[in-house]
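Heads up: the structure comes next, in structure tokens.
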Amino acid sequence: MELLQILPNLAMTAKLAIMTLLLLEEAWLAWLLPVPWVASMPLTKDLNVAIIDSNPALSSGVSIKKEEPPDPRVSTVTPATISIFKEIGAWKYIEQNRHAYFDKMQVWDYTGLGYTRYNARDANKEVLGCVVENRVLLSSLLSCLQSADFRKTIYPSRLLTLHRNSSSTKVDSHSSGLPLHGQGNLVKLDLIDGSSLHAKLVVGADGSKSRVRELAGIKTTGWNYSQNAIICTVEHAVENQCAWQRFLPAGPIALLPVGDNFSNIVWTMNPKEANDHKMMNGDEFIKDVNHALDYGFGPHPKSSMFGDGGIFSWLKADVTSASEFFEIPPKVIRLVSDRMMFPLSLMHANNYASKNIVLIGDSAHTVHPLAGQGVNLGFGDAFALSRVIAEGIAVGTDIGEVTMLKKFEVERKTANIAMMAILDGFQKAYSVDFGPLNILRAAAFHVAQHVSPLKRGIISYASGEQRLPLFS
Amino acid sequence: MAFKLPNQLRALYTATNYHHHHRILSPLAGASQSFVFSLRRLFADVPPLSDPSSAPPPLYPHSTKTSLAPSSLNQYELAKFAAIAETWWDSEGPFKPLHALNPTRLAFIRSTLCRHFRRDSYSAKPFEGLKFVDVGCGGGILSEPLARMGATVTGVDAVEKNIKIARLHADLDPSTSTIEYCCTTAEKLVEEQRTFDAVIALEVIEHVAEPAEFCKSLATLTVPGGATVISTINRSIRAYATAIIAAEYLLHWLPKGTHQWSSFLTPEELVLILQRASISVQEMAGFAYNPLTGRWSLSDDISVNFIAFGTKNSQ
């Protein structure tokens, strides 16, 4: 579409703000983040939203057969995210599909010197989180969006380039004769299929290799962990109701319940071993998994009996999990999906916002999966952005204005960087096998297990409590 | 030589801008206009145009591009204004404090006027169908958000340059291009017998010579039962320390001499002169600045900056 053909459209949409969301195929959850929120709030529901995504699921929907085993790509959503979903009316769609709440978690390492058990009741909660397949999340947000009376246009293509008017516009004697101020504050986006559109605000929700971020010239800081993660779905003889994580010398292995008798495995290790594990035959892999969860690499920690907390015994009286015994995770009997492998890295964009452009989710930050926080940070970003946009519209702000977008950035940067620092700290602390450090870690396990205010604090933070929505 | 001129224009502009609320064209503003005309003469190499809009401008004689259309000279003028217009709208530039304060002022206006006109405060455009006037609009920092909230806005300012800049910036966004900007004064609008549902004059009254007469003009512009919103600085010791010493001399937020402490009004005085002009003040609030976060917020403390909302007695 040529520029001149767009102008009549501009005139028609003269009174409307246009917001554009972009997405690449891999990061197919991302654009779903802010759109349903924006659709549900009264201040923002008149926005005209364009979604640029080449994922065919947008038009055809996501088909999930109940008999199928779970897809290995799952996310652990925290209670904060669950309440956000409930607020926009999307959680009911998730409950119609397979999902697994869990209220217990056990964390230990290979040295056998200590363990920590978390129970949701410690912090007066019902659940610690819920494990949901990514395609279920996608389908529920899609359903929520379709049922909302909201003006959206889907462009099944990918972004090629974008052009912003720089602030110092000078009259060029080569100018084509179009009045400069006709394009004004809008961003022009060109798509791969040749079409183009104008928008006031471009939200880049296109994953860690974000094209929007690249075009906006936003630099990032970060490093690659020399680790890859293997994910797959496995089956047990009994239902798994607890989340397990054991730190091994090369990286943690996590076993998360996904519903029925299935669990999801996320096993982090160095790239060579990861590749070996991806390639080896299924039975050998299962043997290795059971070995890693059980007696592999080191002994079981000794269970603490009630009254055996030592110097902490006076503190643990009100916490149920402090007296729980160490348990061995349920045995894995079958591998039911392909094994997928991903390299892990930490990345943080130096800025989340610049003129007319804002980044959310993985395009702004990626973290190690060891605490299941990545997607929750993204949902938190989306919710915060929708709120900031609503507040901006309430006082007539131009939604592409940097000052308003910076408010979002300041709010989320603090939260995201804090979480990233903690996760990175854990990753580094657990990657070194060094006697005194092992004992320090063991001491940390004991402290977390027995000091109940600390345990409650950990549970609250991991549940995303800082990001609970403020009901307007 | 040509490089220095835009800089001089910018320097002159920044110096004159803070006096833009004077009712009478100050000598400085007059000088700036003649400066602009002399610039035109320099670039056009022809006698100064007495009425820029009437005579078609001649071809730019220094141009090497013979394909230029006859309208290129106007474009060049617009480009000069476009280049410096961004300082008004540069939120990190000299107007940074005003940009930071703006959302807070708008929050008060939105809250009081939605209640007064019985509009849905959750609507994105609560002021649809209402006529507002922004007296002393400057570059349009207040007029544009009001237009986005659905109001039919007229912005007036006594300094021509401000109006030009406001016009240029408003045209960048389709939702604000409908704002009517006039280089005129409140008194002239009264002569034209114009009336508005809401008359808003923020940070103006401390710069006028006759506040009581100014309030009478504002009241005449308001329809009976309409709203008047005025914000200014309190004549208190605290305001002297904050708005003059701190803002002008220590933090350099404003040029020295922007405000005269003696021309500040106390809230009681403002209420009284508004009452004499048939406007009853319904609500008042103050603005508080948090130096740690750099944000302004509404508060009950009216000892420095305050804003008042009043309604015109319907008689």
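From the backbone N, Cα and C atoms, a Cβ is placed for every residue, glycine too.
Fair warning: this is a prediction, and the values are worked out from it, not measured in the lab.
For the S-adenosyl-L-methionine site, TrEMBL lists B:GLY136, B:ASP157, B:LEU202; matching the candidates B:ARG105, B:ARG110, B:ARG235, B:ARG238 against that entry yields B:ARG105.
B:HIS207 (Mg(2+) binding site) carries a helical DSSP state (H, G or I). Taking only the Cα positions, the spacing between B:HIS207 (Mg(2+) binding site) and B:ARG105 (S-adenosyl-L-methionine binding site) is 19 angstrom. DSSP assigns B:LEU202 (S-adenosyl-L-methionine binding site) to a strand.
The shortest Cα-Cα distance between B:GLU206 (Mg(2+) binding site) and any of the binding-site residues B:ARG105, B:GLY136, B:ASP157 is the one to B:GLY136. Using a 10 Å Cβ-Cβ cutoff, B:GLU206 (Mg(2+) binding site) registers 21 neighbours. Here the binding-site residues are B:ARG105, B:HIS207, and the one with the most other Cβ atoms within 10 Å of its Cβ is B:ARG105. When other Cβ atoms within 10 Å of the Cβ of B:GLU203 (Mg(2+) binding site) are tallied across all protein chains shown, the result is 20.
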